[in-house]
Amino acid sequence: MNQHYGRHGRGRGRDFAACAPPKKKGRNHIPERWKDYLPVGQRMPGTRFIAFKVPLQKKFEAKLMPEECFSPLDLFNKIQEQNEELGLIIDLTYTQRYYKVEDLPETISYIKIFTVGHQIPDNDTIFQFKCAVKEFLKKNKNNDKLIGVHCTHGLNRTGYLICRYLIDVEGMRPDDAIELFNSCRGHCIERQNYIENLQKRHVRKNRNVSAPRTDGLEDSADPTEQVYTNNKPVKKKPRKNRRGGHLAPSQHFQHQTQSSPYSLRKWSQNQSVYQRGLVPPPGPAGEDYSQRRFFWSARPNKWTAESYQRPFYPYYWEWNL
């Protein structure tokens, strides 16, 4: 008799068990290593930045100890304990399962920039981040509200883009920017490719690049305008290099591309009133895109406008990419 018959019945039961497919994680599973990081860092002196890990909505709390919970409400409480006020959240995660925009107070601006983990953010992602920060600072120069940035752990993607901004725009030395971020976050940037890129990459002046860069922005609306949309999930595999969401403008736009024609209706100028319309294509496949307050696109040759008075933009960008 085959030795496997006696213990496992007919067939090689032990071998079959070894080949069984891994159990799929549910949508409510806690991000890997999420518990290992401090929820919120400290404000970075001389800047408006504060970094934190992604807050998790209530449905995740069943899998956490009470002291491990970190919800959007906990985020604001912890920042208030530092006698600071949050004005903008830049979400760099490549999913929307962790919390909903409705979990945030209406007074908080929110921008989603889909950013793939582990790899160096591309120029489009960096450009979107810089634009979002500069626009917020311009509109909030008379207050001291903070820009909160998070990825999953609030460390690698978050640290890279904050440091990239400080190096390229503020002129900070790479090592100083990295040290400042690490000390304020309470954890050090872990990914060596991020650190090496920050240390070695030359700062580039964006002179004479108005055509490829401003074409993507001159018809776009305020990146911090509060907008709800009605996106529904689409079960399609995302493009390999897809980055960022799409900004819903405050005027009527017609936008068509070869892959995804859509239109955007005119939004109310009253930020407390939201209208629903057809919406841009979603981000990563299999996620819920029904709750989104801001959409951002800084890609060239994407927006075309009808009956829209374009805002002023300089002929070339003086700040760095």
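Cβ coordinates are placed from backbone N, Cα and C, and glycine is handled just like the others.
Taken from Swiss-Prot, the feature active site, phosphocysteine intermediate covers Cys151, and the record attributes it to sequence analysis. There are 25 other CB atoms within 10 A of the CB of Cys151 (active site, phosphocysteine intermediate), with all protein chains counted.
Other Cβ atoms within 10 Å of the Cβ of Arg157 (active site, proton donor/acceptor), summed over all protein chains shown, number 29. Taken from Swiss-Prot, the feature active site, proton donor/acceptor applies to Arg157.
Here Swiss-Prot flags Thr152, His153, Gly154, Leu155, Asn156, Arg157 as substrate binding site. DSSP classifies Arg157 (active site, proton donor/acceptor) as helix under the three-state reduction.
Under the heading compositional bias 'Basic residues', Swiss-Prot lists 1-11 (among others).
Residues annotated as compositional bias 'Basic residues' in Swiss-Prot: 233-245 (among others).
Under the heading compositional bias 'Polar residues', Swiss-Prot lists 251-262.
Positions annotated as domain 'Tyrosine-protein phosphatase' by Swiss-Prot, on the basis of sequence analysis: 60-207. Helix, strand and coil counts from DSSP across the domain 'Tyrosine-protein phosphatase' (60-207) read 71 helix, 16 strand, 61 coil.
Annotation source Swiss-Prot lists region 'Disordered' at 1-27 (among others).
What Swiss-Prot lists as region 'Disordered' is 205-262 (among others).
Taking the mean position of the Cβ atoms of Thr152, His153, Gly154, Leu155, Asn156, Arg157 as the substrate site, the remaining same-chain residues with a Cβ inside 8 Å of that point are Tyr37, Lys53, Leu92, Gly117, His150, Cys151, Thr158, Gly159.
For Thr152 (substrate binding site), other Cβ atoms within 10 Å of its Cβ number 21. Sequence-distant neighbours of His153 (substrate binding site) (same chain, six or more apart, CB under 8 Å from its CB) are Pro31, Arg33, Trp34, Asp36, Tyr37, Lys53, Val54, His187, listed in sequence order.
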